[in-house]
């Protein structure tokens, strides 16, 4: 396209150019030129308001005279040219800037003109239309001014095409440059083209171009390698990215902060937190200073994994290294605190952000609203919403959706409708997620008739883009064995043009199973196959459960075999249902055989599986709750029953760690600390690792009894056994010890927490440990901070 544009008509013969040149200056041009020439020699002249006022109405001719007066200082001339192009009303468009170039050339300012020309080509090439203008400028200005088509000008055109994603055009310019009689290319040209190819997903071509670059003797820069490494990371090609990093170092090209940040980001996205931290520490050892992006990436990763202590260690480290946190840093930490149920601590952290000159943005407020809503503290969430509005930050649909979702889960759909009304009143887009939550809320409240009316209205208003809302209604109706109304909803769904998904069919199968019509449920499985929507593991598992409920265990096992033939692998729930049914039928040995099959398939047994097997060993009939670890059978079992379960699991080739965790958690919640402790000691002597959840259940039980001294002893014993309690367990014990006046022991435990969390720099984290462990009436403190936010908002505090 650019090559064709070289033949375009010159744009300098347009009448408005001659008219522009003839415009009289609004004030004395000589005085203005003199004043501006003097001002640009002063330090920080770009921020001088008087200078900005002077140049705002200067003509290109006057600007050319100012640049000519500084001709001995080419860098200053170029800086002023770039600055004035943004500030002068006469140089605001490309045509006027080209006119200015002509004037510079007529004053024989060739050095400045050349650099300004390169700048303009780079500046304007952001779209196809601008590229055409750049090509016209290239012909009418470069050639008419007598410039040769050198590598810098042509590289600027390559850059322009790449920015506009016209990579094929960039390659044509590159070919002309590198061909016979061309101006040649340099390493910058190669790097720009490599970047352009990566941006449009042509990674293999980019890698080939880099190899060509080396073959022709051009040295790849850090930027060249970093661009390729980022492209590989974006395509999740980890091995290739690290291989190229090794090659880069082998070639004597040192990675920079951006190279490391790209790799840290990729490792975090892959969930490889320890590897990401290792890469971060390597940066520090190599003498590089991580930037704000590096810190934010790793802090976000730690917070998402629930490792808030490690995230605050990074906050302390960045502050000590004088890398100022931004509001995104605090947002990620606040979200991490909300995710572990510490929303009040998140508000307290907001105070620190404000003290550092930052102000909460839309994301900040939404994080706090969501955190309090999830915790069921709607009064605090409402206070945050009011502070948001008072601070001049307009709530969006996500702000209100959090309330809708929370109220619906609490069985208060009428109040949720009030917030939906606010969304509509403010003209915000109606979120399908919120509407679906509303439907779920009415279903939960048993308002089936209203649900169908709401669904009808959503269909009429074309608010639905997926079958999810239909599926929720079907789910509720099927659970109530309302098959006729369920079929009516299916009819509406088909009329709406929403094709039934595998979820829709699965819900229909579930409804038939609940109605006891297993023949119809199995026919539905066949219908799914015929409709090109084959059953998945959940569909089959529901049918297996229906057969088990009908005491047709052999048919259920046959269906599991059919699953495997259809390349659908049974999951842990499928096996748990069969095991539970065989235990109920008195066939404990068959249940353990299925357990062996399950474990060989690489599946991890759940609590229901262990509950069934343990009740079989006790030879008692029992009901099954959703949380099997709180089952009343833990009040009945002896240590011999627990050991028998562990023995049989080991005989089946299973990993006993999960079974230990199940038993320890259940015994702890039943208040049987000595038996739970005996199992922990047995695990330690066997060299087995205990999960933090099981550790926490033991500590939580002791804290509920106010036995903080014993809890402290157990934390130390668990650490000695290499079992790590969570931050919450440490916090409960520390606060309990403080309430009992045992300050020294509490402080000692804080230091132990820092050590056991693997903190490498205790100095930077200790202030934040105190912050995280601080007790008191947090809700009052949170309200004070939110009042402060409102006051700052009313004063019109700038958002930094």
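Note that Cβ sites are derived from N, Cα and C of the backbone, with glycine treated the same way.
Features as listed in TrEMBL:
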REPEAT    150-184  repeat 'PPR'
REPEAT    186-220  repeat 'PPR'
REPEAT    221-255  repeat 'PPR'
REPEAT    256-290  repeat 'PPR'
REPEAT    291-325  repeat 'PPR'
REPEAT    326-360  repeat 'PPR'
REPEAT    361-395  repeat 'PPR'
REPEAT    396-430  repeat 'PPR'
REPEAT    431-465  repeat 'PPR'
REPEAT    536-570  repeat 'PPR'
REPEAT    571-605  repeat 'PPR'
REPEAT    656-690  repeat 'PPR'
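Model confidence over the repeat 'PPR' (150-184) is summarised by a mean pLDDT of 78.
Long-range contacts of the repeat 'PPR' (571-605) within the same chain, counting only residues at least 6 positions beyond its ends with a Cβ under 8 Å from a Cβ of the stretch, are 537, 540-541, 544-545, 548, 551, 553, 556-557, 560, 563, 612-613, 615-617, 621, 624, 648-649, 652-655, 658-659. According to DSSP, the repeat 'PPR' (536-570) comprises 26 helix, 0 strand, 9 coil. Per-class residue totals from DSSP over the repeat 'PPR' (291-325), listed helix then strand then coil: 26 helix, 0 strand, 9 coil. For the repeat 'PPR' (361-395), DSSP puts the residue distribution at 26 helix, 0 strand, 9 coil.
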